[in-house]
Every structure is written in structure tokens, then in C-alpha cells.
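A.B. asks: This is the feature table in TrEMBL:
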- 87-104: transmembrane segment (TRANSMEM)
- 124-148: transmembrane segment (TRANSMEM)
- 168-187: transmembrane segment (TRANSMEM)
- 207-225: transmembrane segment (TRANSMEM)
Amino acid sequence: MEKDGEFDLDTQVTVWYKNLNSLTEVTEADAEELRTHLLDLIDELKACGLDNEEAFWVASNRMGKTSDLGSIYTDINKPIIQLRRSLVILAGVLAYYLLYYFIHCSSKLIYISLLYFQMNGYVAISWISKYLIAIHLMVMVFVASIYFFEQKTISFIENIKLKPTHTFYLLLSAVVLSVLNTCLYPIIKNMTLSDRTIFSHLHHIYIYFDFIFPFTICAGFTILYSKYNRIARI
């Protein structure tokens with residue numbers, strides 16, 4: 001498409017399309033169909049003698065405001081919207097278990113590596129403790145980023161469009177990590193046969209983690225829920 005002076009028609013159409021595609025009520029297929037219709041209108045108006053800028057603004061006004069289009073497609077895409085919300089909830093649960101088992105597996109692999117390089121078992125456990133503490137701090141920072149920088153963080157999360165296949169991959173990854181976590185326990189046990197107190201000490205650290213990590217997640221969720229619930233009542 002051509003440009004009239006400083007008006008870039010391609011850029012304006014792209015911005016219009018992105019704004020439309022960012023709406024949760026509008027699917028990608030709907031946005032693409034509306035974009036095609038907008039381009040057809042622009043071509044018709046240009047054939048009538050309008051320049052690019054005039055044709056774009058007239059065509060976009062005929063199409064209606066982006067928010068109005070979102071309202072129209074709310075009822076049309078209601079089943080799809082419900083499916084997306086269900087996928088988000090399911091993906092959130094799976095993401096928790098994925099993170100949980102990832103932390104378990106990664107910490108065990110770190111411990112095995114440290115023992116392999118002849119590090120003292122108790123020193124290795126201290127490094128695992130520091131690693132788990134760092135994970136909890138990262139979770140707290142993430143919750144704080146949502147609490148204090150909600151607009152940027154939430155917009156980033158909302159722009160992640162989940163599909164059923166993505167949820168399946170999350171489930172598969174969580175299952176693989178859970179199996180790996182189960183397999184790593186006997187390896188650590190065999191590597192600490194000479195001193196059973198080391199394995200017992202490590203086992204207690206994971207017991208504390210299994211309590212503190214869910215508590216941290218629940219506390220973060222409670223803080224965020226109380227904030228948004230308070231805002232909703234205003």
C-alpha cells in the first residue's frame with residue numbers, strides 16, 4: 001500500500017488489527033476477517049477518490065470502535081471465552097505443579113552434581129537451602145510485581161493466548177518432572193549410604209519446602225485477591 005505524506009496506511013491498519021486482536025472476546029480468525037473487511041472498504045473508498053488517510057478513517061469509523069466490536073463478539077464467542085478461562089485456570093494449576101517439580105528436580109540434580117565433585121554432604125545441603133530460599137524470594141518478587149506494577153504484568157500475562165495443546169504440554173511436562181523427581185531420590189540415597197544423617201537432613205529440608213512453598217503461593221494469592229476484591233467493591 002502507498003503512503004500519503006506522513007500517513008502510513010500499513011502501520012495504521014496494523015495498529016488497528018493489534019488493538020482488535022488484543023481483545024479476549026475476539027478470536028484470531030475474527031480479527032483477521034475484520035481486517036480483511038477493513039482493507040476491502042479502504043480499497044472501495046480509494047476507488048471513489050479518497051486518499052489513504054481519508055479512506056482509513058472513514059472505513060474504521062464504519063467498522064465501529066474496537067470496544068464496540070468486542071462487545072458484539074462477546075455473545076458470539078461465549079463458548080470460546082469460557083473455554084479460554086477454563087484453560088487459564090487449568091494452566092495455572094499445572095504451572096504450579098510444573099514449578100514445584102522443577103524446583104525439586106533441579107535442586108536434587110544440583111545436590112548430586114555437588115556430591116559427584118566431592119563436596120562435603122553438609123556443605124552441599126547448605127547450597128540447596130540457599131537455592132530454595134532464592135526460589136521463594138523470586139516468587140515473592142513476582143507477587144510484588146503484580147501488586148505494584150499490575151498493569152504491565154497483567155497485560156503481559158493476558159497477551160499469552162493459551163490453546164488446548166499448550167495445556168497438554170504443561171501437563172506432560174509436569175508428569176515427566178514428577179517421574180524424574182521420584183527417580184532421583186534413590187540415587188541420592190545411594191550416594192549418602194556412608195552417612196545416613198546427611199540423607200535425613202536433606203529429607204527434612206524438602207519436608208520444610210513442601211510446607212513453605214505452597215504457603216508462599218497461597219499467601220501471595222490471598223494478598224492479590226484481597227487487593228482486587230477491595231478495588232471491585234469501591
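Heads up, the Cβ atoms here are built off N, Cα and C, so glycines get one too.
Just so you know, TrEMBL annotations never went through curation; they're auto-generated.
Computed from a predicted structure; not experimentally measured.
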A.B. asks: So what's near the transmembrane segment (168-187) in sequence-distant terms, Cβ-Cβ under 8 Å and 6+ beyond its ends?
C.D. replies: 91, 94-95, 97-98, 101-102, 104-105, 108-109, 112
A.B. asks: Cβ under 8 Å, sequence separation of at least 6 from the ends of the transmembrane segment (87-104): give me the contacting residues as numbers and ranges.
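C.D. replies: Distal contacts: 132, 135, 162-164, 166-167, 170-171, 173-174, 177-178, 180-181, 206, 209, 213, 217.
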